[in-house]
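**Q** Quick one: this structure, given as structure tokens, is what I'll be asking you about.
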Amino acid sequence: LPPFRPQWGTPPLRNLSVCFCGSGRNYKAAHADMAALVVRGVRDMLKRADFATVQRRQRHKKKWASTEPKFPATRLALQNFDMTYSVQFGDLWPSIRVSLLSEQKYGALVNNFASGDHVSAELEQLKARDFVNEAIFHREPEPENSQTAAPSPASWACSPNLRCFTFTRGDVSRFPPARLGSLGLMDYYLMDAASLLPVLALGLQPGDTVLDLCAAPGGKTLALLQTGCCHVRDKNRVRVTSWDGRKWGELEGDTYDRVLVDVPCTTDRHSLHEEENNIFQRSRKKERRMLPMLQVQLLAAGLLATKPGGHVVYSTCSLSHLQNEYVVQGAIELLDNQYSIKVQVEDLTHFRKLFMNTFSFFPSCQVGELVIPNLMANFGPMYFCKMCRMT
């Protein structure tokens with residue numbers, strides 16, 4: 001028998017009675033009968049206590065602290081978010097919280113290297129829409145008597161040749177799994193459509209030299225290549241390295257026209273749903289605390305690798321302003337103080353207006369733009385900020 005642990009509602013052992021009747025049999029037989037009765041009584045008691053539902057790996061003694069079941073990382077992440085984001089977002093946090101815990105919405109990025117025309121037609125038959133081209137070609141012109149300054153071309157120009165289909169707000173339909181086309185390539189790629197916004201904001205132009213400083217797992221790199229604008233160096237081959245991104249400013253300073261810095265972060269949605277590679281595991285507490293410093297170092301390296309006049313987009317999939325606005329401000333101050341390099345943050349208000357029908361944006365973001373999850377449009381979170389290196 002497994003070790004017995006009484007639970008609430010379990011009859012105490014003293015209520016178990018065993019009766020003996022003189023039958024003339026010898027002592028050994030009476031002892032065997034008594035043992036059988038005790039075993040049967042204990043088994044009945046265990047069944048009433050529903051002990052069988054307790055998994056073996058969860059049975060423990062309180063005094064053995066090393067075997068005490070620990071909180072899973074997903075629960076620790078939710079506790080952390082409840083403490084911090086309830087203060088940061090106030091009344092918006094309950095809505096964001098429910099959306100984060102609900103099923104994510106996806107977009108279908110059309111693969112331009114496959115036979116894309118029939119793919120777009122098939123996606124349109126599903127009642128999906130190309131949110132990128134719909135926003136760009138149907139944008140409203142600025143009124144002539146507008147009091148606001150017209151946005152600079154660099155602030156609203158979107159990277160070209162990207163087609164990404166999504167279902168309309170409130171439509172929770174799913175795309176069918178992507179399949180190989182006639183050329184042996186995927187027809188489209190399923191991804192969080194909000195992750196396309198940093199690539200669009202980068203505003204690639206034909207012939208640009210482009211650096212994706214933190215390329216893994218590669219979703220945004222894939223989108224960058226779809227634009228057809230990336231100037232390929234080193235004998236017509238895309239270069240992939242495992243060098244430390246924090247040192248890139250020293251290795252290739254003043255080199256690139258466009259730099260994407262999609263830094264490691266707390267990956268808020270992933271942290272609430274997956275135990276694997278979860279940064280809220282107790283063993284990764286120090287790593288989590290050091291994230292903002294790492295992010296500042298990576299963004300500073302990206303800015304140093306950019307040519308004067310070039311542009312950098314910084315992005316995370318976190319809601320935390322410690323990893324978003326504060327990192328941008330810290331990197332700009334670092335370059336000003338240590339390198340006398342001036343960096344200007346681009347106004348993305350016009351860019352945000354282009355995509356308001358598809359995504360929900362946080363209205364009080366001081367620097368950059370933040371897509372917040374919403375049950376009607378459950379994309380994100382995705383923060384992005386565009387900067388121009390002035391000197």
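Glycine residues also receive a Cβ, built from the backbone N, Cα and C atoms like all the rest.
Features from TrEMBL:
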type	residues	note
DOMAIN	236-390	domain 'SAM-dependent MTase RsmB/NOP-type'
BINDING	D244, D262	S-adenosyl-L-methionine binding site
ACT_SITE	C317	active site, nucleophile
**Q** Quick one: among the binding-site residues D244, D262, which has the most Cβ atoms sitting within 10 Å of its own Cβ?
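**A** Of D244, D262, the one with the most crowded Cβ is D262.
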**Q** Neighbour count, 10 Å Cβ-Cβ cut-off, for C317 (active site, nucleophile): what number do you get?
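**A** I get 22 for this one.
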**Q** Just the number: how many Å between the Cα atoms of D244 (S-adenosyl-L-methionine binding site) and C317 (active site, nucleophile)?
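**A** One finds 21 Å between the Cα atoms of these residues.
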